[in-house]
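According to TrEMBL, the substrate binding site annotation covers 66, 90, 344. Positions annotated as active site, proton donor by TrEMBL: 102. The site 'Important for catalysis' annotation in TrEMBL covers 142. Annotated NAD(+) binding site per TrEMBL: 185, 216, in sequence order.
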């Protein structure tokens, strides 16, 4: 089942639980606007090349739309649609005043020079500048884009609209980016994990963790869990996997990866078949990489008691059912990885006020939002007698539906 079908299925189940009107349900699924533009740039050798850029703006009932821009060769409209929709529910779960959007350009960023990427970003911005904006749609980085990409969008947008730092988030600190943004998704995952474990009278300290993915999110999750006294006993990324039953020395592993670009050959642990990682013996499993990694083939063999979905869609619906029957507690992606968009919201707030916060304030506010959201999800679970995933979806969908009705959607 692809991302769009999975998200839409969860939405429909939530709307049944909430007893939403079928016309309203249909209206909430249809995106507000889909934009598709041609971006033609001269390459460094002087030849012209064209790319297709697009932006799907899903819903703006609760505020300006928010979501990433990805540069990737296989940018599939269905997937982007699902991710835009997911952002609508995610921002509602976190209770930040945004709707959902997603976009990108179908290109291979690794095959383009820096100046080609800059030209492409600027042309894309020229084509969509009147459809994004501080109070309309606020893009952010995603796969294949970064703080530099946001700096180019900000500069190009500002040529048309005057200096507008709040038009994108995930910017470099020097251009109005927020302290703590880099670690935000990983830190949010850890706060979410702490909130969940507290329900079971447990803490991070002394539990064993397995982390799949050691990019931005995975490496921060590992670092913060290690600092809190949790034992990270296995880690993997595209380069390989490492295990150590006594706990991996995360600061050493980070140094090693920084130096070699790989996890292979790290002396502080034994190598492990990356496919074995997900079914490794542990208390808490944290998938931080790709979607669909837990499926009907491996779900029955998972030994973790808790799964924290730091990636988007790591669990197939089939796996979801198998794991639920086994009594595994799953913290859904729509809540678990909302730390990134929450700190993006803080960045936007700081830019609008023209007043920047220190990192402690950012982290303190992030903890407050993540903890509050968890308690709101638990309340929905008790009201509707449902799983944490459905608790999160009903919470998000209900907030968007209420805002839509209050604004008078039939008028």
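Every residue gets a Cβ built from N, Cα and C, even glycine.
Predicted automatically and left uncurated, TrEMBL annotations should be read as such.
Model, not experiment: these values are computed from the prediction.
For residue 142 (site 'Important for catalysis'), none of the binding-site residues have C-alpha atoms inside a 10 Å radius of its own C-alpha, out of 66, 90, 216, 344. All chains included, 20 other C-beta atoms sit within 10 angstroms of the C-beta of residue 142 (site 'Important for catalysis'). Taking each of the binding-site residues 185, 216, 344 in turn and counting other Cβ atoms within 10 Å of its Cβ gives the largest count for 344.
Here the candidates are the recorded positions 66, 90, 102, 344, and by Cα distance the one nearest residue 216 (NAD(+) binding site) turns out to be 344.
Distance between Cα atoms for residue 90 (substrate binding site) and residue 185 (NAD(+) binding site): 13 Å, as a whole number.
Sitting within 8 Å of the Cβ centre of 66, 90, 344, and not among those site residues for substrate, are the Cβ atoms of 67, 87, 91, 94, 96, 98, 100, 140, 338, 340, 341, 342, 345.
Among the binding-site residues 66, 185, 344, the residue whose Cα lies closest in space to that of the residue listed as 'active site, proton donor' is 66. Residue 185 (NAD(+) binding site) and residue 344 (substrate binding site) are 10 Å apart (CA-CA, integer value).
Within 10 Å of the C-beta atom of residue 102 (active site, proton donor) sit 29 other C-beta atoms, taking all shown protein chains into account. Distance from the CA of residue 185 (NAD(+) binding site) to the CA of residue 66 (substrate binding site) is 16 Å.
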